[in-house]
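**Q** Dropping a structure here in structure tokens format, bear with me for questions.
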Amino acid sequence: MSEEQARAEAPAGARQRRRSELEGYSVSLASLKLSPMYPEEEQRTTGGISSTAHYLDGTFNYTTNPDATNSSVDYYSVAPEPQEENLQPLPNGSSSPPVFVPSSPQLSPFLGHPPAGQHTAQQVPYYLEPSGTSIYRSSVLASAGSRVELCSAPGRQDVYTAVGASGPSGASGPSGAIGLVKEIRYCSVCSDYASGYHYGVWSCEGCKAFFKRSIQGHNDYVCPATNQCTIDRNRRKSCQACRLRKCYEVGMMKGGFRKERGGRIIKHNRRPSGLKERERGYSKAQSGSDVREALPQDGQSSSGIGGGVADVVCMSPEQVLLLLLRAEPPTLCSRQKHSRPYSELTIMSLLTNMADRELVHMIAWAKKVPGFQDLSLHDQVQLLESSWLEILMIGLIWRSIYTPGKLIFAQDLILDKSEGECVEGMAEIFDMLLATVARFRTLKLKSEEFVCLKAIILLNSGAFSFCSSPVEPLRDGFMVQCMMDNITDALIYYISQSGISVQLQSRRQAQLLLLLSHIRHMSYKGMEHLYSMKCKNKVPLYDLLLEMLDAHRLRPLGKVPRIWADRVSSSPTTTATTPTTNTTTTTTTTTHHPSNGSTCPADLPSNPPGPGQSPSP
């Protein structure tokens, strides 16, 4: 080879060496589709090398500039964004390889290289991409990138993510750059894109205007179908009645505003609610001496009540709910095998046996209610005597809430309406119980709400007394009121954590508390039926159950019965008591029952009075 031929081939070899070196750093061009945003060719000259991008063919050509000097070669992206100020050249000394990546028409890369001298080995650019799709990135990014979810919309698939190497939080380094994504919200009524927070919920302009017209004018909307029309983006105008109903269901209300912004509302100087005052009391750790100063000084309260009130008032709603859930008694079994169909005597024997055993567990449960053991023995007995059947009934309702048409008295004692009708007078009570169970099932009663309602029944039974009533007033009435307020606050607190609107929270509280009046009415019906069956000698009654029943008939409430006092003052050790018969240890007197004209034996205490005692009247 002559000297002239070697001299002529030298530039070509240098050009080939530079191009191979460049292709070693770049990604495969066959796997990258060039963007349709740049249909024409573009030629750029940098550092003696001219690069031409053929966007239609998807190829690159490199030629040597004959007038180039021996300056350093620098490379840039061949397909820059329309706004070039968003791109930064790679600084001298950067460890990132030169990469030729065409820009995407949908997703734009943000090059976040720091100034010279501050570059780190972990620095990678950030990208925004839909989940589950491919991304334009370099080999360094593919090995070091981490994915962090930014926002998502319920029921939609377009979830946007941020990719970076700064950790799980997605926050960039001191010099990193990341584009903020606008959070996408959807209308709570029709699932269209929401334009803002209107009337208490996120909604679109159409549903916002529809609700505004509906609450301002006279809306006599009538559904032509069954009031169950589907309201979505395409069918929201098909039924105005169902659309307005759904607006109320999702929580739209007149005057609703976004809590973090406040809205256009007029501020009033109102006193804080009782719940807020109690929450402030929890954080301040209110002492018992402060509570004693607030107690009434009329002499009706017991001497040791101050500490009990302090313990109850300083208890947070979470603590109250936890204690009530832990206090729940176990589910019992009847442990008696009888062949079906049941007779009237068999059913009444099973039910009274279960009721007597549950009463024993009820006393143990009541002692675990926050503050109950701080009450006097008189008040404990009076509260239990006044509410025992209501507590048994709400427990029966809770066990039967997921079995429509049946009542679960025990795990092995499940009765339906037809079996209850075989007992005289039981059909009406069964219907009332099943209707109440259905109502609680519709409301989707939660266990936390159930334990609060059960404790409210116990404490509210003796909250009021009248001058003409033979029932003695509670001696620790202030303490009982504090206990009931604390449990009511726990119920309100739990409902407030459900995520529904304020209007729906108040409505649910009212719906739950109003059902307690139905339970009390059923307890009166059940008491009359149980007493009539007792008078007809159709069922044996147990000592504890008989004591409860006679408390409403033969004694004025307030006198502490012997059996009740023994069981409330001591922990129960047995799970059942012996039945009381009317033939051996019971002295009977004949009285006339006004309802059915039969004779009813009025039982007296079976044990003779002790020394120095007189028989009970």
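Note: Cβ is positioned from N, Cα and C throughout, glycine not excepted.
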**Q** I'm validating the feature mapping. Which of 187-207, 439-459, 481-501 is tagged zinc finger in Swiss-Prot?
**A** 187-207
**Q** Among 123-147, 148-172, 223-247, 298-322, find the range that Swiss-Prot records as zinc finger.
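**A** Checking Swiss-Prot against the ranges 123-147, 148-172, 223-247, 298-322, the zinc finger one is 223-247.
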**Q** How do the residues of the zinc finger (187-207) split into helix, strand and coil according to DSSP?
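**A** Reading the DSSP string over the zinc finger (187-207) gives 3 helix, 7 strand, 11 coil.
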**Q** Could you put numbers on the helix, strand and coil content of the zinc finger (223-247), residue by residue per DSSP?
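**A** Each residue of the zinc finger (223-247) counted once, the result is 8 helix, 0 strand, 17 coil.
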